[in-house]
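S.K.: Positions annotated as Fe cation binding site by TrEMBL: Cys113, His156, His160. Positions annotated as active site by TrEMBL: Glu157.
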Amino acid sequence: MFLMKDITRDGNPVLRKRAAKVEFPLSAEDRELARQLMEYLEISQDEELCKKYGLRAGVGLAAPQVGVSKQMASVLVPAEEEGGKPVFKDVIINPVIVSESVQYGALTEGEGCLSVDEDVPGYVPRHDRITLKYTDVDGNDHTVRLKHYPAIVCQHEIDHLKGILFYDHINKDAPFEAPEGTVMFS
Ligand SMILES: O=CN(O)C[C@@H](CC1CCCC1)C(=O)N1NCCC[C@H]1C(=O)Nc1ccccn1
Ligand code: NI
């Protein structure tokens, strides 16, 4: 399983590369990578296990963050209510955003990243709604429409596959200004 020591930190060039497309059918190695990327999120979102392994809880983890420059990321957006079905859970492979709202969305508390140890304050404007196409580990194609938080999470992960980090989007001159009409939410 992945531990914090396995997570690449800002400054590692792998975080600034464009990741390579993943070939199907998945190699055993890529299947194991997908499993471990999701396993990290599941363990990190279990309070006891998170503490036991000294993890930072996460809702997404992209392959470049474990040093693998491949277009693969796990996303696990937990249910709003305890014990409910996750809002979105899958390993997205070769993801493409095929359409996006003109309207922006941003988290009121800004964003962080498991690969960025220091806080970087400021709004991270993203598209509030997206249509995402991706392939899952079994080779099935999916087209999903996401909005608000799950859309933010997937855009954060897809950025990692393009060598983009969240703070690249923060307005240096006015970090807490967001474009007109941005939907703010936490
Ligand atoms: O690329 C992927 N990453 O860098 C992990 C990031 C991804 C999210 C950041 C903003 C949108 C996607 C992540 O999850 N975090 N960022 C750093 C510390 C907090 C943590 C987080 O938001 N945790 C969380 C939230 C709700 C429920 C459970 N855990
Ligand atoms: Ni990140």
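Cβ from N, Cα, C; glycine included.
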S.K.: Reduced to three states, what secondary structure does DSSP give His156 (Fe cation binding site)?
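M.R.: DSSP assigns His156 (Fe cation binding site) to helix.
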S.K.: Name, in the order they occur in the sequence, the residues of the same chain whose CB lies under 8 A from the CB of Cys113 (Fe cation binding site) and which sit 6 or more residues away.
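M.R.: Listed in sequence order: Asp10, His156, Leu165, Phe166.
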S.K.: Just to confirm: which same-chain residues, 6+ apart in sequence, have a Cβ under 8 Å from the Cβ of Glu157 (active site)?
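M.R.: Result: Gly60, Leu61, Ala62, Ala73, Val75, Ile92, Pro95.
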S.K.: From the centroid of the CB atoms of Cys113, His156, His160, the recorded Fe cation site, which same-chain residues not already listed sit within 8 A by their CB, in sequence order?
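M.R.: Going along the sequence, the neighbours come out as Gly60, Ala62, Gln65, Glu111, Leu114, Ser115, Glu157, Asp159, Ile164, Leu165, Phe166.
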S.K.: Give me the non-local Cβ neighbours of His160 (Fe cation binding site): same chain, 6+ apart in sequence, Cβ-Cβ under 8 Å, ordered along the sequence.
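M.R.: In sequence order, Leu15, Ala19, Ala62, Pro64, Gln65, Ala73, Ser115 meet the Cβ cut-off.
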